[in-house]
Amino acid sequence: MQNNSVQQANISIMSSFSGSKKVYVEGSSSDIQVPMREIALSPTTGSFGEEENAPVRVYDTSGPYTDPEVTINIQEGLKPLRQKWITERGDVEEYEGRAIKPEDNGYKKAKPNVSYPGLKRKPLRAKAGQNVTQMHYAKKGIITPEMEFIAIREHVSPEFVRDEVASGRAIIPSNINHPESEPMIIGRNFHVKINANIGNSAVTSSIEEEVEKMTWAIRWGADTMMDLSTGKDIHTTREWIIRNCPVPVGTVPIYQALEKVNGVAEDLTWEIYRDTLIEQAEQGVDYFTIHAGVLLRYVPLTAKRTTGIVSRGGAIMAQWCLAHHQESFLYTHFEEICEIMKMYDIAFSLGDGLRPGSIADANDEAQFAELETLGELTQIAWKHDVQVMIEGPGHVPMHKIKENVDKQMDICKEAPFYTLGPLTTDIAPGYDHITSAIGAAMIGWYGTAMLCYVTPKEHLGLPNRDDVREGVITYKIAAHAADLAKGHPGAQIRDDALSKARFEFRWRDQFNLSLDPERALEYHDETLPAEGAKTAHFCSMCGPKFCSMRISQDIRDYAKKNDLSEAEAINKGLKEKAKEFVDTGSNLYQ
């Protein structure tokens, strides 16, 4: 592990955007400090003088990386923000934990210099007979510091947060062994969230690249991260990511379990899988994607599909079921998995192993048969007070999207829905971040709680840093559009502020209020790079004479100067121009 290269790679990430600063809103106690990004705005100027514009505060996922007062050494990890809250509840205990084995990283014998140097504390687990999930506390009527933190972030009451979690309509992914994470919530009555996938593979990428991608993704707005590593150094890569990640981290444990049996699905066992769950639980993974709904009798339903089974986890479990001609150990041992989850407060992300991989397969019998089983498993998890969200498709044309949400809400009793897109057409490799963002905005509007991003590299290759940025921004647009359509409180404040800045030609404010300030500035400066252009009352699209907003502004100024309404000003101006035309000889061409 080249520690210096990781540190160097993150230097550019550890800064806020231009015109912004990190601010904190304090809760009921001094240790509840909720981060927000405050965007300063310049005053409105005109013939009337100056009028101040209040700063705009926006949701911030970047963690302490963008706080100039915080020094971060990624070899040591972030400070354990939630450690005191977790231990003060008195229901957890330290223990030695399992020893790290060479096979955890995909080796037959230990490889030197790949372990994470920073973690010194022992793992935590629930004391015997205790349940440490946020859902358990919520059902008991307890408002935790995590819930209060979230209430401030979401501009709702702590009691509302508690009630949504208790009902199962929302989850707070918060493993007690990931105290570095800043509490967040996933539920349809809150801001639509987005997830970014990272992870190495047997073909490409490294620990350095994945840590950099993580910090890069949260800078641009990723609400959670999923580490989907499948190559070597899986355990160590995950440790580096979790120790330095201020947002929840999810995984698909079957990927690592498969590596431990050299990629032979038939050789997987419950014992190997269980050991992998505990390994990742002790590291601090906040939610597990588990494809427990892939049943033996559902596999034949995929035989006539255009694209068969496209989920990696789903294909692994289908292969195991066929080889052993029995139901998967994920299904038969589901209650035991629940026992593990509630010891660490890990949320289920019940995987859609039979999701459609093409629009031709959307909403078919296999997809909805699995959904019925996910609904049954949700009820079992809730009996253990384990938090659950449900994964969804996939590839779905626009006219079939709403049916997915309606069925999921009914069958899974409003557990949060977490979808990959969906892609609304299959003809645009290289642009699937766009084909999927169309579906993501729609499904978010209908009630999906979290959207898994898609990058331009989808179906083509492993995304690099630039692809991650493109995917995150694209999905922030989709999520925000859904928030606006749902009428989420305060969602339109930023839009209105940017629209006002645009009308008043406050170019710097326009850049700073945008989801990607750097791209907005870059595109503006390609044609108008001079500093004076940042105050000009036009852009290169229309030029100074044809700018509709400048003309509108001139009308307003004229109306104010002549004590007229805007309609009267337009009418008066038309009469003056008509008289000017007649006075100059009524010639069309001068």
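Backbone N, Cα and C atoms are what each Cβ position is placed from, and that goes for glycine too.
Together with Met226, Tyr255, His291, Ser311, Arg312, Gly313, Asp352, Gly353, Leu354, Arg355, Glu391, Tyr418, the substrate site in Swiss-Prot holds one more listed residue from Asn197, Asn200, Asn404, which is Asn197.
Between the CA atoms of Gly353 (substrate binding site) and His395 (Zn(2+) binding site) there is a gap of 13 Å.
Sorted by the number of other CB atoms within 10 A, the binding-site residues Tyr255, Tyr418 start with Tyr255, the lowest.
Among the binding-site residues Asn197, Tyr255, Arg355, Tyr418, the ones whose Cα sits within 10 Å of the Cα of His395 (Zn(2+) binding site) are Arg355, in sequence order. Comparing Cβ neighbour counts within 10 Å across the binding-site residues Arg355, His395, His459, the minimum falls on His459. Annotation for Ser311 (substrate binding site): same-chain Cβ neighbours under 8 Å, separated by at least 6 residues, are His291, Gly351, Asp352, Gly353, Leu354, Arg355.
In this structure the C-alpha atoms belonging to His459 (Zn(2+) binding site) and Gly313 (substrate binding site) are separated by 16 Å. Same-chain residues at least 6 positions away in sequence with a Cβ under 8 Å from that of Gly313 (substrate binding site) are, in sequence order, Val252, Ile254, Tyr255, Thr289, His291, Gly351, Gly353.
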